[in-house]
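Here is what TrEMBL says about this protein:
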TRANSMEM  B:16-35  transmembrane segment
TRANSMEM  B:42-61  transmembrane segment
TRANSMEM  B:98-123  transmembrane segment
TRANSMEM  B:190-216  transmembrane segment
TRANSMEM  B:237-258  transmembrane segment
TRANSMEM  B:270-298  transmembrane segment
TRANSMEM  B:310-328  transmembrane segment
Amino acid sequence: MSNNDVTRRGLLKSGALAGAGVALPTIFTASSASAFTNEPTGSTVTLGFNVPQTGPYADEGADELRAYELAVEHLNGGGDGGMMSTFSSKALDGTGILGKKVEYVTGDTQTKSDAARASAKSMIEKDGAVMITGGSSSGVAVAVQALCQEAGVIFMAGLTHSNDTTGKDKRANGFRHFFNSYMSGAALAPVLAANYGTDRKAYHLTADYNWGYTTEEAIRSSTEAMGWETVAAVKTPLTQTDFSSYIAPVLQSGADTLVLNHYGGNMVNSLTNAVQFGLRDKQVNGKDFQIIVPLYSRLMAKGAGANVKGIFGSTNWHWSLQDDGSKAFVKSFGTKYGFPPSQAAHTCYVQTLLYADAVQRAGTFEPCAVVEALEGYEFDGLGNGKTLYRAEDHQCFKDVLVVKGKENPTSEFDLLEIVEVTPVAQVTYPPDHPQFAGGALGTCNNGG
Amino acid sequence: MDAIILQILNGLDKGSAYALIALGLTLIFGTLGVVNFAHGALFMIGAFCAVTLSRLIGLSHKVEVEGETDFLGNPLTKDVPYIYDWFGEATGAAIVDWAVPLAILFAIPVMILVGVVMERGLIKHFYKRPHADQILVTFGLAIVLQEVIKYFYGANPIPTPAPSAFTGSFDFGVLIGFDANTIIYPYWRLVYFAFAAVIIGAVFAFLQFTTFGMVVRAGMADRETVGLLGINIDKRFTIMFGIAAAVAGLAGVMYVPINPPNYHMGMDFLVLSFVVVVVGGMGSLPGAVLAGFLLGILESFASMREVIDLIPGINQIIIYLVAIIILLTRPRGLMGRKGVMED
């Protein structure tokens, strides 16, 4: 009838194929014309801030977001420049990143791995984010880091303390500034020995998930190495709210020290319960009973209130540090928001500057070039003294703070006091340390 | 032996909270026939009544501390509660210290009001709807209520301690001939248990020994006949909803020194409390109380190291395991009445 090969059925078929092609996730196709995923082509560059905005860590997420907004302001030349003026690298000049104005989008991790991956994916695919950063949990960090590796964007982790983030789950596109469980153990052990002696019987209560395990392992190996005995280690469900039935048997076990490998709400409740049981007023084995919290955060110290008084723990950073970088950041943050920043805010702010600086030094947003610029990079002036981004595992090596709950706080933010700044050499470990074994960085991915 | 006594004691205070919440749930189910998933939220609102009162009592003005500066180098200020100005520092400090027990007086009218508004404003429209609809609407309400609390109070737990007279623990072991430190029990948890016992006793006495209670019980048994006698049973049931809300709220008020309250604490208790109601028997008030204490004690035993070593993970599933066994062997629950939730 006709020489025309186009039939209705053929048209429908090709239409369906074309439709399917268009419907393919842009993560696989969008930057086919670009050298790498979400290559910024206009006058702006978009960063993705993935923080808990709902759920139990929403307050910590809000503080992270404040820090990110401050970092963007400083990168674009606003405010007083904060730590850009104290940063040892002078590549950043307040004109954005590579002359492009920095813009940002935010996602809500809800402190759930699946929600965090969905929000990161949306920021990469829909908003064109060239870097994802943030988070308040190791589960989320590991999940989002793997996603960023697949998508070909850089991931600058927020608050994540598990060894696994830069251990068995490390990825070439992911970087962690925050310290880890091993470092907490290595920093705490000598202080504990000096204050409580080398003959102690410890009882561990450990949150039954990845971070809890790595923290227990780190604290046990560090304290056992100096002579402490671990009399028991009990896993507690992550959803547990009342820890009385786990705390009551502690005294019966003959232990004279309780280590709470808990974070967030778990730690607030377990510490409150332990103090309620009067453990700290007891004498066991001829010694005063002691409680230890390996990882402190502001959220936890505020939640536990007066119960933290005199209890040792560790942190990544504290606003009372007197180096130029910390003072500049505290002034900048405090002036804008009216209160001092938390360690979560600090690490997020620093990660943003470090990313921007790496891009600036590399001269491109290309992830593999950024990875190269960050690997083995040594810097100073960002609040933790001399710091190295180790090439082998993308973990920052810097001094670690051992802190203690303050006896007489002057405000709701003045809850911890620094007992010791543990030098970096004491918390450094070889890349193949058993606590970090089992993973490989792999190669960086530009996506594209 | 000492470990067993210790876990029984532990189970009692855990069971107190379960029993109080489950009692309120059963009251609402027994009177109005509504499965109220917002009941955990009422417990949470009660806890925040304590937080609110302690903040109201602690309302303060700033006073400069001479010679000291804050983190930005500005003169340091400290908060001085107005109550110190009005009553002197010693009396003011004592009132601040006793904020949680005082919150009971504050919470009773607030919770009754919240309960009545909830029932009249929303739940009464769902009486004749299927249980699934009731569950959906009350669950939605619970989420709305917790988001409202989070908006005003934030997501972080808020430490709200017990009066200093009740800090520390009581060495129960020494009293019954064990070594020191073998059976210790915090004073406030003893207070909580005693408080729960009083509230439970008061609710039962109210239902058993007052005319109002008699009518309500009659209504629970046969609503239609009571209505035919010219008694406005709906009005009484609304009041019962308010009382159930107050019971959950008071459980929340007294719970805040045990664990610092946060916006999702209601949800943490809700599912467990439903299991308690099912195990106790839908609609049975003594069943709810019995199952509350029983499951609290079982949960404590399941958390013992020796038990976990024997059956790993038992601490996480014990309550549900018991629920399954009870439902298989006694579908009506421990003290369930015939005809309730049955066709």
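Keep in mind that glycine also has a Cβ here, set from the backbone N, Cα and C atoms.
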Intrachain neighbours beyond the transmembrane segment (B:98-123), with Cβ under 8 angstroms and 6 or more residues off its ends | 32, 34, 36, 38, 42, 45-46, 49-50, 52-54, 57-58, 134, 137-138, 141, 160-163, 238-239, 241-246, 248-250, 252-254, 256-257
Would the transmembrane segment (B:190-216) count as touching the transmembrane segment (B:310-328), if touching means at least three Cβ pairs under 8 Å and pairs must be 6 or more apart in sequence?
-> no
Do the transmembrane segment (B:16-35) and the transmembrane segment (B:310-328) share at least 3 Cβ pairs under 8 Å, sequence separation 6 or more?
-> no
State, in range form, which of B:42-61, B:237-258, B:270-298 has the highest count of Cβ pairs under 8 Å to the transmembrane segment (B:310-328).
-> B:270-298
Which bits of the chain, at least 6 residues beyond where the transmembrane segment (B:42-61) starts or stops, bring a Cβ under 8 A of a Cβ in it?
-> 21, 24, 79-83, 95-96, 99-100, 102-103, 106-107, 110-111, 114-115, 145-146, 149, 153, 158, 160, 244-245, 248-253, 255-256, 261, 263-266, 269
